[in-house]
Amino acid sequence: MQESGASMVDPINDIRIIGVITVTCLLGISLAGMEWESKAQVIFFLVIMISFVNYFVGTVIPATPQKQARGFFSYRADIFAANFVPQWRGPDGSFFGMFSIFFPSATGILAGANISGDLRDPAVAIPRGTLMAIFWTTMSYLLISSTIASCVLRDASGSMNDSVPISDTGNCVGLGCRYGWDFSECTNNKTCAFGISNYYQSMSMVSGFAPLIAAGIFGATLSSALACLVSAPKVFQCLCKDRLYPFIGIFAKGYGKNDEPIRGYVLTYVIAICFILIAELNTIAPIISNFFLCSYALINFSCFHASITNSPGWRPSFRYYSKWLSLLGSVVSVIIMFLLTWWAALIAIGIVLFLLGYVLYKKPSVNWGSSVQASSYNTALSHSVSLNYVDDHIKNYRPQCLVLTGPPSLRPALVDFVSTFTKNLSLMICGNVVVAGPSPAATESAGSSSHVAWLNKRHVRSFYRGVVADDLRGGVQMLLQASGLGRMKPNVLVMGYKQNWNQDRPHCVENYVGILHDAFDLQYGVCVLRMKEGLDVSHSLQAHVNPVYESDIGLCPPPPLPANAILDPDALVAAPQTSTGFQSKQGKKTIDVYWLSDDGGLTLMLPYLLSRKKRWARCKVRVFVGGERQRMEEQKQEILALISKFRLGFHDVEVLPDIGGKPQTEHMKRFEDMLGPYRLNDGQKDSSAVEQLREGCPWMISDEELERNKAKSQRQVRLNEILLDYSRDAALIVLTMPVGRRGGCPSTLYMAWLETLSRDLRPPVLLVRGNQENVLTLYCQ
């Protein structure tokens, strides 16, 4: 238009008007669908090919005097030699300045990858199409640049008056003198209007028919623009479907059979209009080049990272692929970014780091099978194996807990409590035993995906392990022996108190106490948590629990369970999160520790870990120990000195001189009444009947066993009286758990001890017993 003297408004606004109209037409083609886009690309390709042929034909046509005046002399070796070396002009003239302007013409190589969802065989089409596109694009650029550099001078005036006889070129300066043209004046004054350094339409001038070159430029430009307008919204639509960032979900919706991202097309159209309104391509090109280079650097680094993680799923089909070449490509891309425009490079890298940091912080629930996951696996595996070469040391002891939660969502208080002192500190595994025969439903209920989703939703850092077993005790034995990896294995068993033990079937009580014995045999410490309101919240999730299972939701469901009695894990995850008292700050209360036996120090270690957490930081830890009235002050100082050596920071110690006293009569009678249904009363029965009853009902309590354990029974009753006196308003009571000797203390008697010890207490009670392994260091070696 400018060459013809035509104008609508002015040169700048003409660019804006025509650009907006053109992009609007391209948007119409995009909205019409991929079929129209493909047809348009074929038409553009044919126009480009015709333009190419027209150009190459023009280079061999003898030059007319008008073309010679503009610097065209057809193929000349000396012209090619002169143009082969660089001659940068202007204050910003440099190789990288030219590179930044030229680079966007080579950014269409990802067009195929961006529309992979619309290709019949992407695995074959994308690499083949991309490599062929790179090859032919490179060849065409080299041919055009070398042929035009062989035919056209750098500077020419375009004036027919500059023609001189070849024999009269004494004062003529420049290569044109050899061909009878004197361009010395405009060259010296830097006012030449023609030549490949000055005239942007040199290809049109060289070609056989100039309008075909303009058509080819239009075809190439529109083809690239249409490819970007179609492919970019499709990539953005995938990003929106994953909901990685806020406020972009509205662009995820697709329309039609091909799920066309119409909203994305409109957004891309608006962005394109904004850049068109700038109306200065050379200003925009360096910025665009930086973002493309940034994306290429990330793609190259992704390939390199996937290679070094040794993931079996990374299997490049390109025969000549090299991970080191990928790394080199990534490094070179970053270097070129800074060489082009350092401030634009910093902006691009800053934006990428911000977007990456946001994704890492929010942790969206999407799974791409990324190389980062493979790298995390390698790191975790390497560190876990390296621990095998290091012996355990008391200074590195951590309570690694196997928590018998069942489905974690049914006992949230137990999960929250253990998570309080293990988070960011040690291992926590939630164990679930599904008592049923092998079946798909049972396996699904024991499966991890839904239960882990619940734990993640609750922000609990824990593993989950589910097993299917014929009975509860057998399943727990599996967990005790097989949970963990190398040295990352549990050393403390945490379970809930069996509230309904005196109403449940006796063999279930036998199994419950047997689990405690199994844990001690396998060198586990044991913790039992009791809360006044109970731990099981299945009554509030009746809509998600099968009634057959709900009646026996405790630790002993009846074997075998039918398949339709298995919990629906997905329904439990979808259920509302139940809040517990362990999720809130405890205020200025006390953690009362009744350290009644040396179990290795676990009873003291757990309160110390709790006191380090923010929710429990304001609680004061009080340590209660048994003692003698005559030596109370002396014993108190001894305990304080010992705790000081342990470096626990507890300063409040109480000595209980009357811990060995007799309990009140009515409390003792209530204990005996509790044992009534389980008394054998062997003194009133025939000896053979007694033996037969003992074999079939090992939980029954004989008179001899009751008498042998009388002192321990009285001690538990007395301890409960002390707890009610001293710790009625505590935030938590940590108590050394009594141990019943296997074969000498029936399970029902032992459960009566635990029941008597912890009943009528408002605060949660944690019964703790270490396995005699020392967990506290006296001195820092």
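Every residue gets a Cβ built from N, Cα and C, even glycine.
The domain 'Amino acid permease/ SLC12A' feature in TrEMBL is assigned to 11-402. Per-residue pLDDT, averaged along the domain 'Amino acid permease/ SLC12A' (11-402), amounts to 85 for this model.
Marked as transmembrane segment by TrEMBL: 15-34 (among others).
Summarising the annotation, TrEMBL assigns transmembrane segment to 40-61 (among others).
Feature annotation from TrEMBL assigns transmembrane segment to 95-113 (among others).
Annotated transmembrane segment per TrEMBL: 133-153 (among others), in sequence order.
The transmembrane segment feature in TrEMBL is assigned to 209-232 (among others).
Look at TrEMBL and you will find 262-279 (among others) tagged as transmembrane segment. Cβ atoms under 8 Å from those of the transmembrane segment (262-279) belong to residues 12-13, 15-16, 19-20, 23-24, 27, 30-31, 225, 228-230, 232-234, 236-237, 240, 250-251, 253-255 of the same chain, restricted to positions at least 6 beyond its ends.
What TrEMBL records for 291-308 (among others) is transmembrane segment.
What TrEMBL lists as transmembrane segment is 328-361 (among others).
According to TrEMBL, the feature domain 'SLC12A transporter C-terminal' maps to 411-544 (among others).
What TrEMBL lists as domain 'SLC12A transporter C-terminal' is 577-780 (among others).
Long-range contacts of the transmembrane segment (40-61) within its own chain (CB-CB distance under 8 A, at least 6 residues past either end) are made by residues 29, 74-75, 140, 143-144, 147-148, 150-151, 203, 206-209, 212-213, 215-220, 222-223, 226-227. With pairs at least 6 apart in sequence, the transmembrane segment (133-153) and the transmembrane segment (291-308) have fewer than 3 Cβ pairs within the 8 Å limit; the two do not touch. Sorting each residue of the domain 'SLC12A transporter C-terminal' (411-544) by its DSSP state yields 61 helix, 28 strand, 45 coil.
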